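According to Swiss-Prot, the feature ATP binding site maps to 178-233. Among the features that Swiss-Prot reports, Mg(2+) 1 binding site is placed at D303, E317. Summarising the annotation, Swiss-Prot assigns Mg(2+) 2 binding site to E317, N319 and lists sequence analysis as the type of evidence. Residues annotated as domain 'ATP-grasp' in Swiss-Prot: 143-350.
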Amino acid sequence: MVRNEKKCIGIIFGGTSNEHYVSISSAKTVFKALISRTNKELFRIKAFYINKHGVWIDSDLSLEILRENSGNNIFEKYQELPNRKINFLNNLEFQNIDIWFPLLHGCNGEDGAIHGLLKFTQKPLIGCGISGSAIGMDKILMKQIFSNLSIPQVNFLAIQNYDLSDDNVKDNLSVEIIEKLNLPVFVKPANSGSSLGISKAKNKSEIIKALQKAWEIDSRIVIEEGLNVRELECGIIGNLKLSTSKIGEVSYSSDWYDYDSKYSTDNKIIIPADIDSQISEQIKDLAIRSCRALNIYGFARVDFFLEKISRKIFLNEINTIPGFTSKSMFPMLWKASGLNIDQLVAKLIDISLDS
């Protein structure tokens, strides 16, 4: 795409979810890519930080946050800034934005909430729309759609509309889970990211504790059968035509890939994954098929399980705003596929303008 003038990119980051600091780290990476030697003559930047209370902070101060080299503790001082608050719909700062780049992970961001708000500005955004974001975040809806389309998944149960403050309810549900699924199981909030609120349970008492932990985050819960698997991931970019990255694998020393493992220095990311070409092509085909099924476009990361003994492939989930941190798989996948972070960010902007 030929650009005649600098495009103003509006980065939105922070937010009220438990992934607040991950969002800040992702935004810093994108900010550095936009001011790189490759991109600095192509783009202008406005940034909008949303603090933990849901308050939008003005662009000048938000850019200061992205320029900070300190650790995440520095952001605590930005939680109470009554004189720097802005009203989204009435503020002139938003009128000069050409393209939005929302980097809000988790609830009130990745779930389509921010996409709906930004639609009122009538400006393009990087990523998919409201419906794809909402379904991609909701593990129950996503799994039900995949089941209807015979996309392979691990066996699962969905729990909705139960009062898990009642011990008898938790006890009865744990019995049902043991009857219907092989142990161990993974108990997950339906709407959560970065493995927050997820537990591995090997017996009834652990299931009861896991249900309580998940319910504290979301009243809707998914229980999945645990298998002996490798964890593989594929990046997706594009609109009408979706392109896939190389396949990556996450190797970890812990019992399973929990929140601490995801952001641990002990992880090993292997790109390309040590798999044969047939499995690689199957994963890429399933990644495109699943994104099409949920109306997901722009960019996403699709996660898979590869059962070690049977070599069966199972789709795990789709992340519609995958992490852009220095430890995140998505930019690493595309770097291995020929796009460094500066090129990747510019490519995503071009894709949004072509949509």
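Here the Cβ of each residue, glycine as well, is placed from N, Cα and C on the backbone.
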Close in space but at least six residues away in sequence, with Cβ under 8 Å from that of I178 (ATP binding site), the same-chain residues are K204, I207
Can you give me the same-chain residues 6 or more apart in sequence from L227 (ATP binding site) with a CB-CB distance under 8 Å?
V154, F305, E307, F314
Can you figure out which of V185, S199, N319 (the binding-site residues) comes closest in space to D303 (Mg(2+) 1 binding site), comparing Cα atoms?
N319
In whole Å, how far is E317 (Mg(2+) 1 binding site) from E206 (ATP binding site) when you measure between their Cα atoms?
24
Which entry in the list of binding-site residues, K213, R220, has its Cβ near the fewest other Cβ atoms, using 10 Å as the limit?
K213
Work out how many Å separate N319 (Mg(2+) 2 binding site) and S192 (ATP binding site) at their Cα atoms, rounded off.
11
Suppose you look only at the domain 'ATP-grasp' (143-350); what would the mean pLDDT be?
92
Within its own chain, what residues at least 6 apart in sequence put their Cβ under 8 Å from the Cβ of V185 (ATP binding site), listed in sequence order?
I177, K200, A201, I207, A210, I223, E224, E225, G226
Do you know offhand how many angstrom separate S199 (ATP binding site) and E317 (Mg(2+) 1 binding site) by C-alpha?
17
Rounded distance in angstrom between the Cα atoms of S192 (ATP binding site) and E317 (Mg(2+) 1 binding site):
12
Between R220 (ATP binding site) and E317 (Mg(2+) 1 binding site), what C-alpha distance do you get in Å?
16
What Cα-Cα separation, expressed in whole Å, is found between K213 (ATP binding site) and E317 (Mg(2+) 1 binding site)?
21
Counting across all protein chains present, how many other Cβ atoms fall within 10 Å of the Cβ of S192 (ATP binding site)?
21
So if I draw a 10 Å sphere around the Cβ of D303 (Mg(2+) 1 binding site), how many other Cβ atoms end up inside it?
19
Go through S199, N319, our binding-site residues, and report the one whose Cβ sees the most other Cβ atoms within 10 Å.
N319
